[in-house]
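Visitor: Attaching a single structure in structure tokens format; questions to follow.
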There are 2 protein chains.
Amino acid sequence: MDEFSFINAIKPNTYNQPALIKGIGDDAAVFRSTSDIVTTVDTFVEDIHFSLETMAPFHIGYRILAANISDLAAMGAEPAFYLVSMCIPKKWKQSALEEIYQGMHELASMYQMDLIGGDTVSSERLMISITAMGYVPENKARYRSHAEPNDIVFATGTLGDSRAGLEILLQGQECKDKDYYIERHRLPNPRVALASGLCEIDRVALNDISDGISSEANEIAEASNVELTIIEEKIPVSNSFQQFSKEQQYDWKLSGGEDFELLGTVSEVHWPRVQEIAVQTDTPIQQIGYVREAEEPCVLIQTHGETKKLMKSGYTHLK
Amino acid sequence: MDEFSFINAIKPNTYNQPALIKGIGDDAAVFRSTSDIVTTVDTFVEDIHFSLETMAPFHIGYRILAANISDLAAMGAEPAFYLVSMCIPKKWKQSALEEIYQGMHELASMYQMDLIGGDTVSSERLMISITAMGYVPENKARYRSHAEPNDIVFATGTLGDSRAGLEILLQGQECKDKDYYIERHRLPNPRVALASGLCEIDRVALNDISDGISSEANEIAEASNVELTIIEEKIPVSNSFQQFSKEQQYDWKLSGGEDFELLGTVSEVHWPRVQEIAVQTDTPIQQIGYVREAEEPCVLIQTHGETKKLMKSGYTHLK
């Protein structure tokens, strides 16, 4: 691979963000902001976090950037910039690498996000690390520590779809809505519009569902020092999700992860307004539980009236 | 390695930057800035960019962060934040990894820089990617495209030392000032104080010397569309540098790289003031050449009155 022609191929010709002063081409990029700046980094390794067995290079790029944008959304931020660092094995062709960048670019352009920097080095295994940056209005960053007793707990979209898509790809099995599940796995859409829309609400606790709600709910409970109860029947799933076995449904919706939906809590007073904003931003949303004072922070799951403790791993045990 | 205890070990207990709103512990970090923001990413792979043969883990961390801070300095920026992404092989012990972070922390704390995010994944080979962010006063970012005809060309510090240190470590040879050269290789000091001090000067072109001045000078010439002449005898070197062979001296000072000094150009009118700022910030500085209008951008090197064309690689040929 010719590094020079590769960098020229992936370098943007134009930029979208008005705040950008200097993009790629100097020692560093420069931008200006009157909002608070949110920044996160996520690293992905071939055959650990993604595989050509289940995805084209385009999907790899799309999905990796989606994971980063989802972190920004979970902070209430609008995506603005990204930097990509790649370790590239010799066996990867330039055309396939360019496809990865096209996948990122496809998603980035939905948000007028600009690629403003990066680095490529050689390595045995493909590794991609993305630093994403976004804006949030002053003091409107959404923390997982902001849940309070008597909040309602909500989730967006449907859960478990990404994991279902992965299993379908790995097992090669036929099933209803096969393409839908596969797309949910390969091309997830972070909930940026809702997260931004919520900025008028004073207090919202938010996490994105990257590891499954069992993990995310526990993070909110711990950070906010509250008890969070999830009602299993209320966890939103796709219409044809019941075609999978009971064990799969339970496992995938609680711990499947990578749906990049949002899990949040908000006061009962603001819940009707949150639902309106969800309608305006075309975001399916559902109350799935409630928050209570805790002696020690924990997550409970109620199934047909029976309550168990839900661990980060998705494992449950009697209270 | 226990990931939880590792993250706890490297997570800062306190932060220094007043602009930081949220550090490590949520989906992303948040900060606020009234200055322009400069950001860069640099990736380093074991046995390509660094090796335990020539450095302790502490040096690896220090040097990698120095490379990033040097990029910020080359933009005229004050370092403020960094995020670290690491791919870690099983063979690396937690104590050695913590030492890498201690090396970064040692340098970071000189600038009150805060570690605000990161990611660790497993891999066959150690890979460290750092995203660094800093501030520069509005419209005072320093670009390599800002050189103009009749500027003087200057360099800070002494060049070739880092490469000399590396060779001493690899060959195990005895020589004068051995420890000095080794330290210059392992613990480079980016020229932040000078770069910040220069902010009162309207126009300065700057590059940091990471790949050697033959490469950096060509980047400035191309970006500014000028002809840049370097006078070989004026390139600053350490007192005992002449103990090395003529070929080594020539190669190391022009293409050794990783000295993390600054190469810049400034108008003759401002040169006296630049020298004063250099004295105030305790930065050795030296005029090494001048800028002229170019038919096509290039770098010339003058040795005892003879002028040759200097390529990016350090290779020279007759004009």
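Yeah, the Cβs are placed from backbone N, Cα and C, and that goes for glycine too.
As annotated in TrEMBL:
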type	residues	note
BINDING	B:Asp27, B:Asp71, B:Asp208	Mg(2+) 3 binding site
BINDING	B:Asp27, B:Thr40, B:Asp71	Mg(2+) 4 binding site
BINDING	B:Asp42, B:Asp71	Mg(2+) 2 binding site
BINDING	B:Asp42, B:Asp119	Mg(2+) 1 binding site
BINDING	B:His49, B:Glu258, B:Tyr315	substrate binding site
BINDING	B:Tyr101, B:Gly118, B:Asp119, B:Arg144, B:Ser210	ATP binding site
BINDING	B:Asp211	Mg(2+) 5 binding site
DOMAIN	B:25-136	domain 'PurM-like N-terminal'
DOMAIN	B:148-295	domain 'PurM-like C-terminal'
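How buried are the listed features, and what sits near them?
Guide: When secondary structure is read from DSSP and collapsed to three states, B:Asp208 (Mg(2+) 3 binding site) falls in the strand class. Packing around B:Asp208 (Mg(2+) 3 binding site) is summarised by its Cβ count: 26 other Cβ atoms lie within 10 angstroms of its Cβ, all protein chains included.
Using a 10 Å Cβ-Cβ cutoff, B:Thr40 (Mg(2+) 4 binding site) registers 28 neighbours.
In the structure as shown, the Cβ atom of B:Asp71 (Mg(2+) 3 binding site) sits within 10 Å of 28 other Cβ atoms.
Non-local contacts of B:Asp119 (Mg(2+) 1 binding site) by the CB criterion (under 8 A, 6+ apart in sequence, same chain) comprise B:Ser85, B:Met86.
On its own chain, B:Glu258 (substrate binding site) has B:Ala67, B:Ser162, B:Arg163, B:Leu166, B:His185, B:Pro188, B:Ser210 as residues at least 6 apart in sequence with a Cβ closer than 8 Å to its own Cβ.
A 10 Å cutoff on Cβ-Cβ distances gives B:Asp211 (Mg(2+) 5 binding site) a total of 18 other Cβ atoms nearby, all chains included.
Helix, strand and coil residue tallies for the domain 'PurM-like C-terminal' (B:148-295), in that order: 69 helix, 30 strand, 49 coil [DSSP].
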Visitor: With DSSP as the reference, give the number of residues of the domain 'PurM-like N-terminal' (B:25-136) in helix, strand and coil.
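Guide: The counts are 34 helix, 45 strand, 33 coil.
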Visitor: Give me the non-local Cβ neighbours of B:Arg144 (ATP binding site): same chain, 6+ apart in sequence, Cβ-Cβ under 8 Å, ordered along the sequence.
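Guide: For B:Arg144 (ATP binding site), the qualifying residues are B:Ala205, B:Leu206, B:Asn207, B:Glu219, B:Ile220, B:Ala223, B:Ser224.
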Visitor: Around the Cβ of B:Tyr101 (ATP binding site), how many other Cβ atoms lie within 10 Å? Please give the count over every shown protein chain.
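Guide: By my count, 23.
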Visitor: Would you count the other CB atoms within 10 A of the CB of B:Asp27 (Mg(2+) 3 binding site), including those on all shown protein chains?
Guide: 27
Visitor: Roughly how many Å separate the Cα of B:Gly118 (ATP binding site) from that of B:Thr40 (Mg(2+) 4 binding site), to the nearest whole number?
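Guide: Each residue's Cα considered, B:Gly118 (ATP binding site) and B:Thr40 (Mg(2+) 4 binding site) end up 15 Å apart.
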Visitor: Using only the residues recorded as binding ATP (B:Tyr101, B:Gly118, B:Asp119, B:Arg144, B:Ser210), report the maximum Cα-Cα distance in Å, whole number please.
Guide: 32
